[in-house]
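Heads up: the structure comes next, in structure tokens.
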Amino acid sequence: MSNEYPYASMRDSFDLSAYFVVGPEDCKGRPLTDVVDQALHGGATFIQLRAKEADASELTDMARDIAQIIEDNEKSDSVAFVIDDRADVVWQARRKGIKVDGVHIGQTDMEPREARALLGDEAIVGLSAETESLVRLINELPDGCIDYIGAGPLHVSTTKPEASVGGNDGSGKTLDAAQINTICVASEFPVVVGGGVTAADMAMLADTKAAGWFVVSAIAGAENPEEAARTMVEGWKAVRGDKKHGYAPRVVTHTPATDTQAAQEGAAKPGSEATEKKFTNAKDAKDAQKLAKQQRVDIAARGSKQRDKAHIRKTKSVPFTYQYGSYDLEVPYTEIKLSDTPGVGPNPPFHDYNTEGPKCDPKEGLKPLRLDWIRDRGDIEDYEGRRRNLEDDGKRAIKRGRATKEWRGRKHEPMRAKDHPITQMWYARHGIITPEMQYVATRENCDVELVRSELAAGRAVMPCNINHPEAEPMIIGSAFLTKLNANMGNSAVTSSIDEEVEKLTWATKWGADTVMDLSTGNDIHTTREWILRNSPVPIGTVPMYQALEKVEDDASKLSWELFRDTVIEQCEQGVDYMTIHAGVLLRYVPLTANRVTGIVSRGGSIMADWCLRHHQESFLYTHFDELCDIFAKYDVAFSLGDGLRPGSLADANDAAQLSELMTLGELTERAWAKDVQVMIEGPGHVPFDTVRMNIELEKAVCHNAPFYTLGPLTTDTAPGYDHITSAIGATEIGRYGTAMLCYVTPKEHLGLPNKDDVKQGVIAYKIACHAADIAKHHPHAMDRDNAISKARFEFRWLDQFNLSYDPDTAIAFHDDTLPAEPAKMAHFCSMCGPKFCSMAISQNIRKAFGGEAAQQQIVKEAAAGIDSEALATAKANVDNGVVSANVLSPEEILAGMDAMSEKYTAQGGKLYSTAQE
């Protein structure tokens, strides 16, 4: 089993000058991580976790949290982190990828040589020693065995944790400056001194030969740990300055950490080449070579190097003025530069819709693009809002005392409407064209009046919560480009905040127009905060998931009051649209009893369970008007959930699905009456021949509100390929007017998608959206197709790669067989080779017969029966064995087909079979 520890060793860079020892029992009831965080802000340079009563699992969890705090403070490369006594826990944590730099052991703990053998040569090992004689014995240890010594106590203390770094001999003896210097001179290792240390000791300690001081209570027990740490650090530096101690010699005398040696056998030593595996037969060697080649292709296809080089985000400045202000709107687009056509001239760059957003530091978040637009209208107010509490992040956060990775970037006070709804629908209905509408019109290449009128009629929605000013306005409606949503979010089983932010960035890079955070696991509130502050696209949620987490997954404990509080919490954070399963009514639940797959919607099943347990109507339905009033204050759009959607083809279009749809039509009108934007969620599994019926039924029942569908999947037989089965249905339903398609990844029905699954799902659905736009005859929909076709015909290979939705996969597949750079200028690919390339042959035909005048002359002569020079050449080619064919007219083709059909029928054949047959 290989060592998974990914971090560089700190054995040559740790700083003992401000060494903070801490455990949960030292923090006076405050969260351990909060105290560590404050100590780091105050200048602590070394952290030791000491929790004598904790078991290995608890210590590992604490270590993970402390390592995350150090990372959040951007000090992972400057502040070392060790665990007291438990080398076994350090070993386990490092194998889990947690940044624990080493262990500190006492005289009664693990023998130093054993600790070094267990942890390997990269870990820090510290050792306690209280006397000069003990230090001299430690010097006899093999070179490279330990890295520093902890000596103490400086003062008599009744609390054992402060007696010394690693433990006390119980003698009660203390150290003075002379004794400290004696120990330091005797030691071959840097020495850190502590035990009852306070700020008053700093000048004396800094004047000795000690490398630094260690402390527990003076910081952990202080009213303000940050200020206490800062005072001590400044006192030390006033005498010592920034001068650092030296390091023990690094002599590698041990093997790597236990259990890694076997995994590293045969691996290359530093500075040497890896030894290739030898094979006993040619077949094994060829198979290994093929596998290695395929792995290289797969790795290249999973990246974005070529895409990032070719797809450049730019902005177009659009002046905008209305009664509330004047602005220069910087509207984004993607520019793809194209090469020249050989012998003809330059090709203009291709401009495409951009969803990626500007680059930013994820820890700081995006700039609030729309904040001035929102404030200048004068119809909102700032207010304090509800206070976030640990319950918002779930039961594990309550136990831990904090989220695993707190948001420390830009903070904002929540805003809400003052006197009237502040939705884009309200403005549109009052004839006000907002900056958001002009921004969208520029992105869509359409007239702004089309945007306003579609919003006013409810045929389009613009999800843009005033508390998410970072989002770039976009529109969802059948009159506009078909949009794509990507789902993500953690679960109770897997993922982290960093992974979810990375998935967000990855999804928008490849073209996601909106993202839904469907987190159901750890840190729901904080994960959402990170996502919102970093998202250039609207964010949707299902608030029921967080509400259920707050009642520890017991649906019977849900209430309207708890749900309302959760909705307001998310409105204040900036969620742009919310899935509300208000159409799952008590009387509809029995209709699902005989389904093959029952109720597959998580939100729908939660509400069905609540209705049955209480035998009451859904509080989402009975309090729907109150939800409308809340949404109108923040401009949050409804995504009316299809809680009774079919989860298999066998259940499609049944009474439960259609009954819920009728209720969603009623709720749409109720929301519109309060100027709240609405879109309707659609079915997930539908036979292909009923896809069109579903969209047409939704339009009729829900008054042309935008339809938002998951796929639909058109077969249930392809786990692992449901991004394909669903993209087929998505293209068809998009063709007939579905406004937004929710992607499906290869992991659908199988597990939580990772980064590569997200890319696969987004690309599949970008293709579906684009195909639907072409089928709808959307203006300019075929521009990209025409550009790439022209590049293909002209053998401009790089332009072909760059104009594709996934340049990295395209170039990886091409280079799989033709990797040489000259092949990217060749007039063939590996499919046909240089002699049989249809494009090359077609170019020769164009050279011979191209030009409008030549074409007209050929047609004229052929119609007149004249054997032109061109026709004579064609006949000569046939005579010489060159494959050719006479071109039949449409009439001749039809006549020939009829004749063949008659012959087939006369022989007893049947052209078509009935369903019974």
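Heads up, the Cβ atoms here are built off N, Cα and C, so glycines get one too.
In Swiss-Prot this protein carries:
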type	residues	note
BINDING	Gln48, Leu49, Arg50, Ala51, Lys52, Asp84, Ser128, Lys160	4-amino-2-methyl-5-(diphosphooxymethyl)pyrimidine binding site
BINDING	Asp85, Asp109	Mg(2+) binding site
BINDING	Asn487, Met516, Tyr545, His581, Ser601, Arg602, Gly603, Asp642, Gly643, Leu644, Arg645, Glu681, Tyr708	5-amino-1-(5-phospho-beta-D-ribosyl)imidazole binding site
BINDING	His685, His749	Zn(2+) binding site
BINDING	Cys829, Cys832, Cys837	[4Fe-4S] cluster binding site
COMPBIAS	274-290	compositional bias 'Basic and acidic residues'
REGION	1-243	region 'Thiamine-phosphate synthase'
REGION	256-311	region 'Disordered'
REGION	271-917	region 'Phosphomethylpyrimidine synthase'
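Positions of Swiss-Prot features highlighted on the structure.
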residue : record                                                     : Cβ contacts under 8 Å, 6 or more apart
Asn487  : 5-amino-1-(5-phospho-beta-D-ribosyl)imidazole binding site : Val515, Met516, Leu518, Cys742, Tyr743
Tyr545  : 5-amino-1-(5-phospho-beta-D-ribosyl)imidazole binding site : Leu518, Ser519, Thr520, Ile524, Arg602, Gly603
Arg645  : 5-amino-1-(5-phospho-beta-D-ribosyl)imidazole binding site : Val600, Ser601, Gly604, Gln657, Glu681, Gly682, Pro683, Gly684, His685, Leu710
Tyr708  : 5-amino-1-(5-phospho-beta-D-ribosyl)imidazole binding site : Ile476, Asn485, Ser639, Met679, Ile680, Glu681, Gly682, Thr738, Ala739, Met740, Leu741, Cys742
His749  : Zn(2+) binding site                                        : Pro719, Asp722
Largest tally of Cβ atoms lying within 10 Å of a Cβ, found at which of the binding-site residues Gly603, Gly643: Gly643
Nearest of the binding-site residues (Asp109, Gly643, Cys837) to Asp84 (4-amino-2-methyl-5-(diphosphooxymethyl)pyrimidine binding site) - Cα to Cα: Asp109
Most crowded position, judged by CB atoms within 10 A, among Asp84, Asp85, Asp109 as binding-site residues: Asp84
Rounded Cα-Cα span from Asp85 (Mg(2+) binding site) to Lys52 (4-amino-2-methyl-5-(diphosphooxymethyl)pyrimidine binding site), Å: 9
Spatially closest candidate among Gln48, Leu49, Arg50, Asp109, Gly643, the listed binding-site residues, to Cys837 ([4Fe-4S] cluster binding site) (Cα to Cα): Gly643
Site with most surrounding Cβ atoms, counting all protein chains shown within 10 Å, from the binding-site residues Arg50, Lys52, His685: His685
Inter-residue C-alpha distance, Leu49 (4-amino-2-methyl-5-(diphosphooxymethyl)pyrimidine binding site) and Asp85 (Mg(2+) binding site) (nearest angstrom): 10
Binding-site residues listed as Leu49, Cys837, least Cβ neighbours within 10 Å: Cys837
Span of Asn487, Met516, Tyr545, His581, Ser601, Arg602, Gly603, Asp642, Gly643, Leu644, Arg645, Glu681, Tyr708 around 5-amino-1-(5-phospho-beta-D-ribosyl)imidazole - largest C-alpha separation, Å: 20
Distance, Asp85 (Mg(2+) binding site) to Gln48 (4-amino-2-methyl-5-(diphosphooxymethyl)pyrimidine binding site) (CA atoms, angstrom): 10
Under 8 Å by Cβ from Ala51 (4-amino-2-methyl-5-(diphosphooxymethyl)pyrimidine binding site), same chain, sequence gap 6 or more: Gly23, Pro24, Glu25, Glu58, Leu59, Met62, Asp84
Distance from Gly643 (5-amino-1-(5-phospho-beta-D-ribosyl)imidazole binding site) back to Asp85 (Mg(2+) binding site), taken between C-alpha atoms, in Å: 53
Whole-number Å value for how far Gly643 (5-amino-1-(5-phospho-beta-D-ribosyl)imidazole binding site) lies from Asp109 (Mg(2+) binding site) (Cα to Cα): 58
Number of Cβ atoms other than its own within 10 Å, given for Ser128 (4-amino-2-methyl-5-(diphosphooxymethyl)pyrimidine binding site): 24
For the region 'Phosphomethylpyrimidine synthase' (271-917), mean pLDDT (0 to 100): 87
For Arg645 (5-amino-1-(5-phospho-beta-D-ribosyl)imidazole binding site), the three-state class that DSSP assigns: coil
